[in-house]
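Working notes, beginning with the structure itself.
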Amino acid sequence: KVVVGDQDGVITCFGIKKGEAVPVFKTLPGQKIARLELGGALNTPQEKIFVATGSEVRGFTKRGKQFLSFETNLTESIKAMHISGADLFLCASYIYNHYCDCKDQHYYLSGDKINDVLCLPVDKVNCITPVLACQDRVLRVLQGSDLLYEAEVPGPPTVLALNNGNGGDSGEEIVYGTSDGKLGLIQINGSKPIPKWEIGNEKKRGGILCIDSFDILGDGVKELLVGRDDGVLEIYNFESADDPALRYDHALSESIASIQGGCVGKDGYDEILASTYSGWLTGLTTEPVHREGGSGEELKLSQEMQSKISSLRNELEHLQIKVLQEREKYQQSSQSSTAVSAVPAFSVNDKFTLNKDDASYSLILEVQTAIDNVLVQSDVPIDLLDVDKNSAVVSFSSCDSEPNSNFLLATYRCQANTTRLELKVRSIEGQYGTLQAYVTPRIQPKTCQVHQYQIKPLSLHQRTHSIDHDRPMNALTLKGQFSFAEIHSWVVFCLPEVPEKTPAGESITFYFQNTFLGTQLESTYRKGEGCFKSDNISTISILKDVLSKEATKRKINLNISYDVNEESVRHTLKLIHPKLEYQQLLAKKVHLIDALRELQVHEGNVDFLLPKYRSILEEADQLLEEYKRQPAHLERLYGMITDLFIDKFKFKGTNVKTKVPLLLEILDGCDQDGLIAFFETA
């Protein structure tokens, strides 16, 4: 049997007989179901159904009879839930609560948003050990209401699962999946975490939303089933305990909300069942599709198939007639004298995240019905990058950036049945504002939803666990009559991945890395004082401008002092130079391709060319592809070096804007020593 909870608050339980879904029970609609878990007494079949809706937990038997309605004391909606025997673990955005037999036991306030919760199996580890997956790239391990320790993971963890479904031999092993598509196994023992293995996201696939362990290959070892937000379903098997290898993958058209292995459709044949965002349930079976045997067998199979196809056709025709009738009914009612126009409600699943690999933002929009078009507008200069998976037709409109500061207006027209659209944008640090997406699905009457995304002043910075303290650092110190909450709100305004809630305690330190250049930033602040250190003087300059502007808005007097390290400019130039050299060489090669191809056509062969030109011709397609994928990359680097030059002298009180043309000439020459000398003597 399969049980599913949906966004309309309906719980549906069904089985499969002869390829048809046979309902067992269905509840009435209500609040959206955030989580659904199976539970029961420890070491017995887990057959009780528990769902979390709003701040309430309900329990149902496998026949659909409700036996529990527990209204928790949480003020926010439940985001994550785990059940172990009589123990119930619930999390809202920042709050964790543990209940035993519906009585409050423990409480914990997390420093960042909680994405998932899990408890190590009590029968194996003999104590209750809850683990929280938090947005700031850590797993927080608790003991009672206290933090035992934190385990660092390589990305923001979105989902946790017990290894093998039972925590492995020790019961301490947890598999985690991150929003940037990484997968890992970590052992949580009493004193410290032990990382076992980690799989990066080499294929640039989506973030991980769900994990299950099930022996689908029938080799006696449970495989790892993984569902991602770009619709890719993966099966990893284990040659040895610490060496998972991707065995199979399958692409669905929308994000996978849940994944389970089990026997559903036919005895003796295991299946993987996945539910996707818009409400589809898809089963992948181990049953062979083409049966072996004589023609009689095949005929029987084809007749079975034909009857199935004809019943589906009938169902489809019936639905089409129903839709036409409803549409006519709506048209008539909308034209009558007592017409009431109703705006159809639809939900958009959106995600705006920074990719570390190419320092760009991914905007993923997913709607439960087909998308007609998406209009993207921005009041700051940003570049739209190509996305391979994107089949939508894009058209740009000219913008007048002066009066209304409108820098980008682009329309994506989607092909029929597109429910998911992925865009990539790259911003410029120091230029901040709002990106807006107007989403119009293919529903009548035409309706549009607007979603806004903040482009922050230091938009290309990403949180990191630690930085290199040996680098030459510039420092910016602020002092004034401001509270801890006020300076925290300014940092939230400037930098991504900072929790909106003011941290507990007197002071806080965050570390960041610039994903484009690899420079770093350390920010430490408390009530009345803030200190920001970076090896990139432009980062300090942007912070100084934005923080003074924010303080002025609130009429707060700031005492700003800075300590500029001359060595840091040379260090930053050395970080930028290899990128600059690579992009200049790429641009030169791309400019030569047309001429070389013309030579090839005229001469018939290219044996007379120098090897370096021959290799350009051989790699022409890859070079053009790479150049197309990152437009304006070279201009970006020129802009960053120019900003660095202006910022260095701005802190000395000198305006060097007249010397910029000279600097650009030196940049075209691509001489690192000449560039450093120019910075030092200008």
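Cβ from N, Cα, C; glycine included.
Automatic, uncurated: that is what TrEMBL annotation is.
Along the domain 'BBS7 beta-propeller' (1-286), the predicted structure has mean pLDDT 91. Residues or ranges marked as domain 'BBS7 beta-propeller' by TrEMBL: 1-286.
Residues or ranges marked as coiled coil by TrEMBL: 302-329. Listed as Cβ neighbours of the coiled coil (302-329) (distance under 8 Å, sequence separation of 6 or more from its ends, same chain) are residues 19, 444.
If you look up TrEMBL, you'll see 344-453 marked as domain 'BBS7 GAE'.
Per TrEMBL, the feature domain 'BBS7 platform' maps to 461-563.
Annotated domain 'BBS7 helical hairpin' per TrEMBL: 566-679, in sequence order.
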Just give the helix, strand and coil counts over the domain 'BBS7 helical hairpin' (566-679), going by DSSP.
95 helix, 0 strand, 19 coil
What are the helix, strand and coil residue counts for the domain 'BBS7 GAE' (344-453) according to DSSP?
4 helix, 60 strand, 46 coil
